[in-house]
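S.K.: Okay, these came from TrEMBL:
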BINDING   95, 96, 122, 207, 208, 209, 210, 265  pyridoxal 5'-phosphate binding site
BINDING   125  N(2)-acetyl-L-ornithine binding site
MOD_RES   236  N6-(pyridoxal phosphate)lysine
Ligand SMILES: *Cc1c(COP(=O)(O)O)cnc(C)c1O
């Protein structure tokens, strides 16, 4: 028995070291990592820029608290605000904390309490973010949920119009539902959603914890849709594996988060900020983002050509380097078989294989992954498990 709570059903792999897109286990087997620590290692494992920034910060200072000025936080906040619709940043340590901050800010700034989110969404596991998560399986056993949260079908603007009212503080939405199964926002839906929010003076919160930081070929995925959210939350890919979270908001919301209103002891920790700065310096460059778009298009083409026709597969979805292969059945046996063959991928929902390679992935590595995927998904024996 292990002394760790069994909250995760773990695959049979113990990692010894990792570099770039490669993970190595204790026996010296290597794996091509197309999960990137659940979209976290955006520049791959131990990217030299990030490692260098961390080493430099290790020799400078590790933590002094938010009672004093922190120049690296300012730099990271500048990167985030210069590449988004927001002007103010709050730093924390995870995606769920960024969403908690967003929910609290929305309530305090508007003086209203209701939050609308979407079915199959995922916003985190803490009480507020869990209440915003439109999935029963995440909430089961932890009730009663916080009041004033409601869920409507994704991409259904009429349902939003039916529940939005004078007490609604915010609508919270993912651009591509990640954990829920790689479901994309429909063309036009987000613009309509923004319009309805403006009509009712409701804040638009976009949860970019998974889609942000270059994952879809833009700094933030909402930038594909021509909308201007009031609040953006970020975490996973922001510091290449060092825990970090950020909530970015419009300037007019600044006063609602005055001194003493909210906080996080570790938020904006210098090591996390050093890593984040190194990531953003690289990822928020036009050339880099163009390459992500090109790689994403290439991988999608390959999947459409070689994987989509397989009888096990129902559809291929996604954008940039956030892609999903929906299958007829639970994908766990396929994922296990892929690990045995040396490819790490994720699931989303129960029937979707989710692919989130490091953004530095090469064409050759994508070909290799597609070969392994087609081998495993074409093998009928994998379904009987
Ligand atoms: C992962 C995720 C979260 C939660 O992030 P944690 O860092 O695990 O708390 C929230 N929203 C989305 C969209 C996510 O993908």
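Numbering starts at 1 and runs along the chain as displayed.
Using the three backbone atoms N, Cα and C, a Cβ is placed for every residue, glycine included.
Where the annotation comes from TrEMBL, it is an automatic prediction and has not been curated.
On this model, are these features tucked inside or out on the surface, and what's nearby?
M.R.: Same-chain residues at least 6 positions away in sequence with a Cβ under 8 Å from that of residue 208 (pyridoxal 5'-phosphate binding site) are, in sequence order, 174, 175, 220, 221, 222, 232, 233, 234.
Under a cutoff of 8 A between CB atoms, and with a sequence separation of 6+ in the same chain, the neighbours of residue 125 (N(2)-acetyl-L-ornithine binding site) are 96, 138.
DSSP gives residue 236 (N6-(pyridoxal phosphate)lysine) a helix state. Sequence-distant contacts (6 or more apart, same chain, Cβ under 8 Å) of residue 236 (N6-(pyridoxal phosphate)lysine) comprise 38, 39, 40, 42, 95, 209, 210, 212, 213.
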S.K.: Can you see whether DSSP assigns residue 95 (pyridoxal 5'-phosphate binding site) to helix, strand or coil?
M.R.: helix
S.K.: Would you count the other CB atoms within 10 A of the CB of residue 207 (pyridoxal 5'-phosphate binding site), including those on all shown protein chains?
M.R.: 30
